[in-house]
2 protein chains.
Amino acid sequence: MSSPHPAGPLPVPKTKRGERTRQNILDAAEREIGVKGFAEASIAAITAEADVAQGTFYLYFRSKEDVLRELVLRMGRKLRRHLSLAIVDATDRLDAERRGLHAFLAFVRDNPNLYRVVAESQFVDAAIHRRYYVDLAATYTASLAAAVSRNELSAGHAEVRAWALMGVADMVGRRFAIWDQQTPLHDIAEAAYDFIAHGMGPHRNG
Amino acid sequence: MSSPHPAGPLPVPKTKRGERTRQNILDAAEREIGVKGFAEASIAAITAEADVAQGTFYLYFRSKEDVLRELVLRMGRKLRRHLSLAIVDATDRLDAERRGLHAFLAFVRDNPNLYRVVAESQFVDAAIHRRYYVDLAATYTASLAAAVSRNELSAGHAEVRAWALMGVADMVGRRFAIWDQQTPLHDIAEAAYDFIAHGMGPHRNG
């Protein structure tokens, strides 16, 4: 089910109006794919939803696969920007992690298509899917290593920690922010924070 | 892309030979779907690979969707059995978690189709996909709560911890046991264990 490799970069809109149209198409595609899934989502439905002609679609994308790839990249950028803004006033790395967990869970509940789009991408373009995680992990690993050197965290394996933290956010987000649309997220984020800050071993100093 | 809801339970083989045939079909389906993906995997290819007639397939399954559902359930059972055996001699819950992480990463590397089969199932039968995680989490949550009452773990939110631990295993497994087929898993499992046991905050007693 893998599609052929993309044949070079996509055309970039030359005007602000063009960029708005391109973003409208992506927004419509995100809703279509999020609701129906990649196989059932059609370019006709996407352009109808975006209120543009089908020909307009092909100004910016070659295929539905192109759109999914771009959605994954856009989701990654949007998530990173959201998390960066959330931690801008953090006092140290642990505080940044705490703020990051709250912000991530809120983002997931506001963007219920995130998981579906990212998960489906692995069956359309495994490299893009992998890059989504690897890019997040690279930034994360560097931040954790720097924090250890500032004594804001205990010594530890920065890369394993980065993937472990992503896993905590991913799975707690799935359970409490997607499958469950009701539970207030504050206490969930605090409980997840307690886990990543202190672990769950008996406290060594009582 | 969701298929119709399954119409009642699947037929159960009446003989040991029949059960072996059914398992052979599931093994072949796991390889086919693991390599080609659900959309491209065909019943004809699965029966050819299992060396049975197409009619034999329909003694046990109604459709390819049935096979995927059964694969997810079988994967869940196989994983739980593997983890139960791995922790049978554990001295306490933390030791069980440590052994569990080693065992999980080894299982993932030996069963590279696990992630793909489970991930694809969400687009074929969302309820089965969710049940895979919910069943694991239910057992896990109960074990963690019991361990807190025995003072083997610090007090904490058992359900959030269960999902967090599943996330750690899932994401560390993806990175180090699937995408990376080379790195020895021992040190990775130990680093993940250190994270879940102690967290990454500066140690409070030095």
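Note: Cβ is positioned from N, Cα and C throughout, glycine not excepted.
Your range for DNA-binding region, going by TrEMBL and the list B:42-61, B:162-181, is B:42-61. Summed and averaged per residue, pLDDT over the domain 'HTH tetR-type' (B:19-79) gives 94. Helix, strand and coil residue tallies for the domain 'HTH tetR-type' (B:19-79), in that order: 49 helix, 0 strand, 12 coil [DSSP].
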